[in-house]
Amino acid sequence: MQLQRLGAPLLKRLVGGCIRQSTAPIMPCVVVSGSGGFLTPVRTYMPLPNDQSDFSPYIEIDLPSESRIQSLHKSGLAAQEWVACEKVHGTNFGIYLINQGDHEVVRFAKRSGIMDPNENFFGYHILIDEFTAQIRILNDLLKQKYGLSRVGRLVLNGELFGAKYKHPLVPKSEKWCTLPNGKKFPIAGVQIQREPFPQYSPELHFFAFDIKYSVSGAEEDFVLLGYDEFVEFSSKVPNLLYARALVRGTLDECLAFDVENFMTPLPALLGLGNYPLEGNLAEGVVIRHVRRGDPAVEKHNVSTIIKLRCSSFMELKHPGKQKELKETFIDTVRSGALRRVRGNVTVISDSMLPQVEAAANDLLLNNVSDGRLSNVLSKIGREPLLSGEVSQVDVALMLAKDALKDFLKEVDSLVLNTTLAFRKLLITNVYFESKRLVEQKWKELMQEEAAAQSEAIPPLSPAAPTKGE
């Protein structure tokens, strides 16, 4: 909202009105900021409804301290399957479907509780029709899958995000949010985040990351869907943006994800692929056990969900924390994970990429093959390999360049017109795929080359006898 110069009479009316109506649903309290009589609006949230019996809080996610990671290794859970998904920077938001006997009601919650329908919480009302349809479809899918006649409470947890994308060619949102009481607010005035990155879209969006339900409606009967079930259901709900795996593997493979250089792919998924923002790093990733919530997993009494934040974001959010993060995670937890996975930095999969880009990524990585590696080795020759003149790293780089060269010859022009950020991602992916293949084959290749060299050298002939022998 743009600052305005307000005269004393208007100031008196505004401040007085704000004091008199401090519990009104959407009255913003106006306070003096700076000099010269300029005012800026400050959001005042209305009280939560007294009855919070239907509210089911979402847990705070732990940071990956060394002791937590050690506990997971000792329990045996670290060696099982985990997924790392993007951590979206927004505000916690829950969509509820509550069975009240003769009918079902849809309610909405922030982290602290279910909201009054007239609370202006970051403009979410603009998405209510879509949310209502999605939670009802999800309810029907659950009942069909599990043969249920009713579901007492269903909760779709996620993140409300967006309403900010500062690119010169991308206009601000022109949409307005209308509350049940008729009050209207522009989406362009919503400010979920203050940090300069990550930015996602000028429009408001929702990113789902968990589904839980209770047949009876009681809190103790809630069932949290495992990751695979979550994806199965979410993928069938129209227009639902949900957490997809960037990495799937052991805990160490997820911890080895290069969170420090991870650019958020969400703008491209939301149609802004041609308008990238420089340095638009993701906040980080959330890593969770694929069967989180399963009693067999939770019986170990250790955290089965953790979050990683990139140090650049941490410095913005909590100034002075970058050094602490480096000492408590990057130099300890992550370096330990990298050692255990032999230095293989985990690269983003194509699961978060738009269709054309995902196809291009697959096509390029298919070019990294055993046959191409053999061709590269034949060009190098045996002697440089055995002498160490050409190293394992050199071979990986040559393989990546060769794969990229042929890929560019045959690729569709659509790919050449993708964003610079995606083209950089392609180069990174082909290098790490080449590095992985060379590391996997290196010992065997060197043994074969050494054996071939031995066969190629003729055995020494017995020396001719000298005179007198």
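Using N, Cα and C of the backbone, Cβ positions are placed for all residues, glycine too.
Positions annotated as transit peptide by Swiss-Prot: 1-44.
Listed in sequence order, CYS85, ASN157, GLY158, GLU159, PHE230, TYR242, ALA243, VAL286 are the same-chain residues six or more apart from PHE209 (ATP binding site) with CB atoms under 8 A from its CB. As annotated by Swiss-Prot, ATP binding site applies to 59-61, 86-92, ARG111, GLU159, PHE209, 307-309, with the evidence given as experimental evidence.
LYS87 (ATP binding site) falls within a strand when secondary structure is assigned with DSSP. The active site, N6-AMP-lysine intermediate annotation in Swiss-Prot covers LYS87.
The region 'Disordered' feature in Swiss-Prot is assigned to 450-469.
Highest Cβ count within 10 Å among the binding-site residues LYS87, HIS89: LYS87. The binding-site residues examined here are ILE59, LEU308; by Cβ neighbour count within 10 Å, the least packed of them is ILE59. Residue environment of ILE61 (ATP binding site) contains 13 other Cβ atoms, counted within 10 Å of its Cβ in all protein chains. Sorted by the number of other CB atoms within 10 A, the binding-site residues THR91, ARG111 start with ARG111, the lowest.
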